[in-house]
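Asker: Okay, these came from TrEMBL:
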- 55-79: transmembrane segment (TRANSMEM)
- 85-108: transmembrane segment (TRANSMEM)
- 135-154: transmembrane segment (TRANSMEM)
- 174-198: transmembrane segment (TRANSMEM)
- 205-228: transmembrane segment (TRANSMEM)
- 248-267: transmembrane segment (TRANSMEM)
- 279-300: transmembrane segment (TRANSMEM)
- 344-368: transmembrane segment (TRANSMEM)
- 389-409: transmembrane segment (TRANSMEM)
- 415-438: transmembrane segment (TRANSMEM)
- 575-593: transmembrane segment (TRANSMEM)
- 617-637: transmembrane segment (TRANSMEM)
Amino acid sequence: MFDAEGRLEQQRNVGLMVAVPIFLLINALFAYVGGRMMSKLEHKSSEDVLTAHYLGGRSFGPIVSMGTMCLSGFAVIGVPDSSYTGGWITFIWVVSSQFITTVYSGIAPRLRKASIVRNHQSPADFVTDMFQSQFLRYTVIISQFISQFIWMTSNVLSIKMAFNGAFKLPTDSPWLAVGVVSLIVVSEWVGGLSAVALTDTVQGAIMILGSIAVACVIKVHYGGWTALDPETFYRPEFYQTPSRQQQWYWWQIAFLSGSMVFYPIFLQRIYAARDLKSIKAAGWALFIGPWLAMFCGVFVGTMGVQMIGDACQSSSNPAECRNPASPFTTILGILMSIGGFPEAAAIIFYCSALAAIMSTVDSVLISMSQIVTSDILYPLRPKSTPRQIAWMGRAVSVVIAALTLVLALSWKGSIILLFELGLPISMQTVPAFIFGLYSKHRIHPWSIAIPAATMMVATVIMLALWKDMTIHPGVFTFLLNILATIVFEVSRLVWTGKWREMWTAVRAQSKEEEEVTKMMTTAADEEEEDLSSQDPFPDRPQWDKPKVKRFGETSLSPKLLDEMMKGVNEPIRDYSYMMFVILAFTITTPIVAELRPSIMDGVFVELPPVVRGLPAWFFKAMIITFIINFVNIPVIVSIPDEFPYNEEELLRSGIDADAVELEPDEKGGRTGYDEPNQKAIVRRQSIREETRRIKKANADAKKAFEEARANHLSATEAATNLTLLVKSPSKRNSVVEKDVDDFDENLVVKVEKEGESV
């Protein structure tokens, strides 16, 4: 007999050795197709080379958008491994994914609209355009890069830990990870984001298929959760209720994960989508995907405890055998030893794991490359052509990949720990996006940048020095960040004497009636005019002012952003809906007495409550989560298929030229870093002129209509009175009395002035 650790090495794994190279060849083929697509975009599309490389020509349809949202190396490998060591508490990642769906579906339409009106391309472009501050801009860039770098490193580390054993390589061998990352770099060089997206779509299908297939095999051969017995389960502590620390962890991680939507990889997908239908499809993929991938991962990991435990019975050291370096690899090794369909399912799951890792790594790699290239190097070489910058970006990808390999191959800690390091750091950029997207008042960029930069440093210190905190460092620093931002901004407004004027402006903007808007004070009008100028905060040093001519002639203000979104239903802006969402996700937290029932010498003092083989607390949390999951449907459904177009209003009062979407030929043709978009400028000037003409013409027509209407009413009244006087003697007295009364009122005034009597 052989122990579980030795199963994979001692069995015939010819199928795996054949399947993985075939999978890699398929990826190479799709990378080549992506390269051909990018080449066509460069030559035939109006998009420039840089946009074709980093955004795929903004041509990703619903299928590709869905495929790029389904994948994560953590979902396929990290969740089963975490479930094996931590139990059912790992289900928190399913809950977290649903909150990610809420945030993504809520903010995507607004970010999308801003991008197609202002030609945003880089993940930091929105913040740069809205706040126009180098300090805040680089704070966001650094946070985005660090969080993405950590995420990519955790996935590269997964390659070494999960696949070295499958190919009979030493545990610390770097060559498999180096080979896979090299293939990813070549794919990105050849096809840019087009190649990444196409391979993601294929890999997403394989991942879903593999997850479901392995879960079904385990259910058939091992009975599933219903076959588990807490008295014979090899890790009885999993049946205990979560500790107080774990309960806090559950609630906090759910909301921390919402910050992932502001990762460059998500922003890049929003900008690269072909239309709103594609963004909606991605929302549905986020809604369904976790239940197919992560939920199966929890099932595989917890069932793996029993599978590996049984396989280790004959081992000389059962305790060591039950703690494998990679539970994921060991579980699949057991399935492969069965042969037949279980072996085929395990091979597919292996390929899906590799697919998920490769998909995450290549997506994160190209997003980090864009951050460094478009937001750091391009401003230093503003006269370079997009083609030159694109090649510079390819070189940046090689450097980033090399640095990631160095960190991943030298990391000795947990993948989960590495993955969780990125969340609290990325959380500090959330206020910049939230205030920028939804605030009625444009906050001074330093009021956001100073707390964000400070909390980033504080987060790293807390993660390094403070252990076993009840409140997660990311949540703690995020709340401090929000509080400090509000305090700084209120203090600034009070100090500059603009508090009352700004409050009046904000209250007026929050009303829908035009009459209320007209009641704004003169000071508030001046403040709003300042906020709409090209430089909204002129009293700053020059080093803090980035170049923003490429975005438009005027600044992106909250008022302009609201004008762009006119007619779009946004549930996320409804405070009652968001409070309901927060309450709903809070309810999923298993709030129970901790660590019940007690365990003495590996035996329960009393049997734990069980529902179909599952601990009762988890079964309840799972059902509640499934029900609560449907709060996401309104926000996904609210995403329109296209932005509304009100032709009647257009003909009546024109349109704000700065809120008009760019045409395809106006998005491309970039010749330098901050060259004004001349095509858009010319068209928008024409729109302004025609808007002024139609407003004047409609005003003149309205005035003429009112005069004609008054004359018509007067003539009608005179005709009626004349008819009564001539043809209706019985009624003429009333007409005469009315005329006499009207006449007498005027006559009395005249007589009094002249001193005469009637």
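Each Cβ is built from the backbone N, Cα and C atoms, and glycine gets one as well.
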Asker: Taking contact to mean three or more C-beta pairs under 8 angstroms, with sequence separation of 6 or more, is the transmembrane segment (248-267) in contact with the transmembrane segment (174-198)?
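Answerer: Between the transmembrane segment (248-267) and the transmembrane segment (174-198), contact is absent.
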Asker: Go through the chain and flag residues at least 6 beyond the ends of the transmembrane segment (575-593) whose CB is under 8 A from any CB in it; none is fine as an answer.
Answerer: 95, 98-99, 102, 241-242, 247, 250-251, 254-255, 617-618, 620-621, 624-625, 628, 631, 634-635
Asker: With contact taken as 3 or more Cβ pairs under 8 angstroms (pairs 6 or more apart in sequence), are the transmembrane segment (135-154) and the transmembrane segment (389-409) in contact?
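Answerer: Result for the transmembrane segment (135-154) with the transmembrane segment (389-409) is yes.
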Asker: Residue list, the transmembrane segment (205-228) vs rest of chain: Cβ under 8 Å, 6 or more residues beyond ends.
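Answerer: Contacts of the transmembrane segment (205-228) (Cβ under 8 Å, skipping residues fewer than 6 from its ends): 23, 67, 70-71, 75-76, 289, 292-293, 296-297, 299-300, 302-303, 306-307, 332, 335, 338, 341-342, 344-346, 348-353, 355-356, 359, 612-614.
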Asker: Between the transmembrane segment (174-198) and the transmembrane segment (389-409), are there at least three Cβ pairs closer than 8 Å, leaving out pairs fewer than 6 positions apart?
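Answerer: Counting Cβ pairs under 8 Å, at least 3, so yes.
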Asker: Ranking 85-108, 344-368, 617-637 by Cβ pairs under 8 Å to the transmembrane segment (279-300), which is first?
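Answerer: It is 85-108, which has the most Cβ pairs under 8 Å.
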Asker: What same-chain residues lie close to the transmembrane segment (344-368): Cβ under 8 Å, and 6 or more beyond its ends?
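Answerer: Residues 15-16, 19-20, 23, 27, 54, 68, 71-77, 123, 145, 148-149, 151-152, 155-156, 158-159, 162-163, 166, 180-181, 183-185, 187-188, 192-193, 196, 199-200, 202-204, 206-211, 213-214, 216-217, 263-265, 268, 328, 332-333, 335-336, 397, 400-401, 404 contact the transmembrane segment (344-368) from elsewhere in the chain.
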Asker: Which bits of the chain, at least 6 residues beyond where the transmembrane segment (617-637) starts or stops, bring a Cβ under 8 A of a Cβ in it?
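Answerer: Same-chain contacts beyond the ends: 88, 91, 94-95, 98, 101-102, 105-106, 241-242, 280, 283-284, 287, 291, 571-572, 577, 580-581, 584-585, 587-590, 592, 611.
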